[in-house]
Each structure stands twice: as C-alpha cells, then as structure tokens.
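Trainee: Next up is a structure, given as structure tokens.
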C-alpha cells in the first residue's frame with residue numbers, strides 16, 4: 001500500500017528544484033533598523049515596522065501595564081468572555097483616525113479580510129479584485145463562494161469592461177484592492193475606482209495594511225492621501241506594520257460594523273486580540289498623530305535609498321517599499337546572499353509569491369544615513 005503522505009516529499013523536491021523553497025530567518029534581538037541575524041548585526045531592510053515603533057519603550061510599557069491589569073490573553077471570543085474596555089478604546093481611536101463612524105478589531109489582518117469578505121458576499125454575488133491583491137483578499141474571495149474575477153493590475157479600463165460584461169448578472173458586487181501593493185510599492189487609482197463603483201452600484205473594500213500610519217497628511221492611509229475620506233467604502237488595515245503591534249481592523253459605517261459583529265466568523269469564533277497587543281496598538285495610534293516627524297523622516301529615508309540605487313532596475317513606487325527587479329529566482333537569491341554577507345538584510349522575493357523575482361527593500365524612520373551608504377557600497 002502506498003503512503004498517502006508521499007506526495008509531500010515530492011512537492012518539496014519540486015520547490016527546491018525551482019529555487020522556490022523557503023525557510024525562516026531568525027532574528028535574535030528587538031525590532032529595529034539594525035538587528036541580530038545568526039549572531040551578526042545587519043541593517044534591516046526587511047521589516048514592515050515603518051515608523052520604528054515595535055521596539056519603542058512606550059509601546060512596550062503600555063503592553064506590560066495592560067498585561068498586569070487584564071492578564072496575558074483575552075481568554076475567549078469577544079462575544080463571550082474576551083471583551084475588555086481597552087478593545088473598545090482602540091476601536092474608537094481607529095474610527096476617529098480613519099474618519100469613519102465605527103471600527104472593529106480582529107486578531108490579525110488576514111482574519112479581518114477573510115471574515116469581512118465572507119460576510120459581505122456569497123454564491124449569488126460577484127467579486128472583482130486587482131490581480132496583485134494580497135493573499136488574504138484572494139483567499140477570502142475563494143471562501144465566500146462568490147464568482148471571482150481578477151482585473152489587470154491597476155487597469156481601470158479592464159475593471160470597467162468586466163463590470164459592463166458581468167455586473168448585471170449578480171445580486172451584489174464587491175471590488176477589492178490593496179491601496180499600497182505590498183510586493184511592488186505602487187498605489188491603486190482609488191478616486192477613479194470609487195467613481196466606477198458608484199456607476200455600477202458596487203461595494204468597495206480597500207486593504208490599507210501598508211498605508212496605515214504611513215500615507216496621508218496625518219498617516220491615516222491612502223484613503224486620506226488620495227482625498228477619499230468622505231466617500232463611502234470599507235477600509236481594512238493592520239496593527240502589525242507601522243503600528244508595531246498585532247491585529248487587524250475594519251473601519252466604516254455603524255451599520256457595517258454592527259453587521260460584522262454578527263456575521264464575520266473570524267471575529268465571532270476566535271479569541272479576542274490580547275490585552276498587550278491592544279494596548280500597544282492604541283499607544284502607537286497616539287504616537288503617530290502626535291509625532292508627524294516620524295513620517296517626515298521615513299520619507300527622507302525613501303529619497304536616500306533611491307539615491308543609492310540609482311541606475312538599478314527599480315519598480316515605480318510612491319511608498320517606502322522599493323523593489324529591485326531581477327530576471328530569475330537564482331539571481332535574486334545570489335544578490336540577497338551578497339547583501340547579507342555585507343551586513344544588509346533584504347531578502348529575495350520569488351514566485352509564486354510574485355510574478356517576477358526581486359529584492360524588496362522596506363524603509364524605516366529609524367534608518368540612518370550611514371545605513372544607506374553601506375547599502376550602496378555593498379550592492380555595487
């Protein structure tokens with residue numbers, strides 16, 4: 001009798017042959033622009049901690065205080081025994097920050113997308129998503145049971161064509177897009193997309209994971225950055241990137257949030273966000289609004305990185321995500337290792353995560369000019 005698990009080993013062999021195999025890289029220090037990787041100090045260009053808050057003493061102390069008051073875990077779902085006053089404080093703060101009526105906090109950003117999409121649409125509905133959307137948007141779409149169609153990346157003509165051809169055949173239509181695309185660094189054309197949604201009576205859910213805390217006059221995200229704050233849409237984001245904590249949120253109308261509390265399975269049937277993570281995120285929101293100089297420094301650092309990488313094949317980017325395009329996974333792995341040997345941590349990103357191989361640099365407000373000089377010396 002054949003072993004029913006033998007296929008796993010063969011699949012791993014295929015990954016190795018294609019140079020698609022992945023393994024973790026262990027960091028042995030606090031989050032920061034310089035970290036301890038395998039016993040060596042390296043400059044960290046791989047973190048989503050855009051504002052350098054994950055290692056901030058104020059977040060750490062807020063988390064400790066919350067743990068002392070409420071314990072380490074929420075111990076139940078929010079609808080049973082897992083709700084604490086600090087959860088509602090955070091949700092109110094997010095709603096104020098995002099200029100929406102209300103907000104709801106999930107235990108992760110991935111869960112926020114899965115739960116929201118599957119609550120909003122079903123078998124009689126249509127989902128139209130940007131082909132470069134995050135995995136959580138794509139998997140939420142599959143789980144919903146709706147008909148799912150991708151439109152070409154950032155191509156609103158293609159989106160319009162699909163709306164003309166298919167919208168009338170479905171009860172509801174949900175358009176999904178990242179606002180900042182995490183593996184490319186570009187931004188969606190949100191104002192025009194919202195115009196299309198209004199023309200065809202569609203809902204819109206935007207993923208602000210890499211925009212929250214970074215984009216916009218106050219750091220509220222691309223919705224603010226693109227002057228769309230007063231328009232009707234659903235805003236999702238994370239607490240784990242610029243906010244330096246863990247969790248996800250959805251912000252929108254009172255009715256939307258009340259509906260999700262009753263229909264989003266990934267909120268109803270999972271343990272509430274831990275008190276420590278909740279307190280850290282709440283503290284980060286306050287810091288982001290009180291210290292705009294962090295964002296200013298981040299944008300200055302974006303300019304410094306682009307100076308050092310002038311002449312290389314950089315993807316178009318208006319964000320702190322800068323990608324250097326390469327021809328093959330092997331080239332990406334070789335360059336990533338060269339950088340690491342020179343004290344630079346910037347991992348290779350390869351298929352199937354992305355269509356083409358690249359080195360992805362993410363910037364932090366806490367990077368120093370000498371870090372960029374070092375990068376320039378190593379990469380050339």
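The backbone N, Cα and C atoms fix where each Cβ goes, glycine too.
Take a look at what Swiss-Prot says about it:
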type	residues	note
BINDING	22, 134, 353	substrate binding site
BINDING	109, 110, 182, 207, 208, 209, 210, 238, 239, 240, 241	pyridoxal 5'-phosphate binding site
MOD_RES	241	N6-(pyridoxal phosphate)lysine
Trainee: Cβ within 8 Å of the pyridoxal 5'-phosphate site centroid (109, 110, 182, 207, 208, 209, 210, 238, 239, 240, 241 excluded): which residues?
Mentor: 48, 134, 212, 236, 237, 248
Trainee: Sort the binding-site residues 22, 134, 353 by C-alpha distance from residue 109 (pyridoxal 5'-phosphate binding site) and give me just the closest.
Mentor: 134
Trainee: Of the binding-site residues 182, 208, 210, 241, which one sits closest to residue 353 (substrate binding site) when you measure Cα to Cα?
Mentor: 182
Trainee: Out of 182, 353, which has the highest number of nearby Cβ atoms, where nearby means within 10 Å of its Cβ, if these are the binding-site residues?
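Mentor: Compared across 182, 353, the most Cβ atoms within 10 Å surround 182.
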Trainee: Where does residue 239 (pyridoxal 5'-phosphate binding site) sit by DSSP, helix, strand or coil?
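Mentor: Where residue 239 (pyridoxal 5'-phosphate binding site) sits, the three-state DSSP reduction gives coil.
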Trainee: Among all protein chains shown, how many Cβ atoms are found within 10 Å of the Cβ of residue 239 (pyridoxal 5'-phosphate binding site), not counting that one?
Mentor: 30
Trainee: Around residue 22 (substrate binding site), which residues of its chain at least 6 apart sit with Cβ under 8 Å of its Cβ?
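Mentor: 15 - these are the non-local Cβ neighbours of residue 22 (substrate binding site), listed in sequence order.
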Trainee: Determine, to the nearest whole angstrom, how far the Cα atom of residue 241 (pyridoxal 5'-phosphate binding site) is from the Cα atom of residue 134 (substrate binding site).
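Mentor: Residue 241 (pyridoxal 5'-phosphate binding site) and residue 134 (substrate binding site) have their Cα atoms 15 Å apart.
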Trainee: Within 10 Å of the Cβ of residue 241 (pyridoxal 5'-phosphate binding site), how many other Cβ atoms can be counted across all chains shown?
Mentor: 26
Trainee: Among the binding-site residues 134, 210, which residue has its Cβ surrounded by the fewest other Cβ atoms within 10 Å?
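Mentor: Fewest other Cβ atoms within 10 Å, among the binding-site residues 134, 210, is found for 134.
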Trainee: Measure from the CA atom of residue 182 (pyridoxal 5'-phosphate binding site) to the CA atom of residue 134 (substrate binding site) and give the result in Å, rounded to a whole number.
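Mentor: Their Cα atoms are separated by 8 Å.
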Trainee: My understanding is the cutoff is Cβ-Cβ under 8 Å with a sequence separation of 6 or more in the same chain; which residues meet that for residue 208 (pyridoxal 5'-phosphate binding site)?
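Mentor: Same-chain residues close to residue 208 (pyridoxal 5'-phosphate binding site) (Cβ under 8 Å, separated by 6 or more) are 179, 180, 221, 222, 223, 235, 236, 237.
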Trainee: Other than its own, how many Cβ atoms are within 10 Å of the Cβ belonging to residue 109 (pyridoxal 5'-phosphate binding site)?
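Mentor: Within a 10 Å radius of the Cβ of residue 109 (pyridoxal 5'-phosphate binding site) lie 25 other Cβ atoms.
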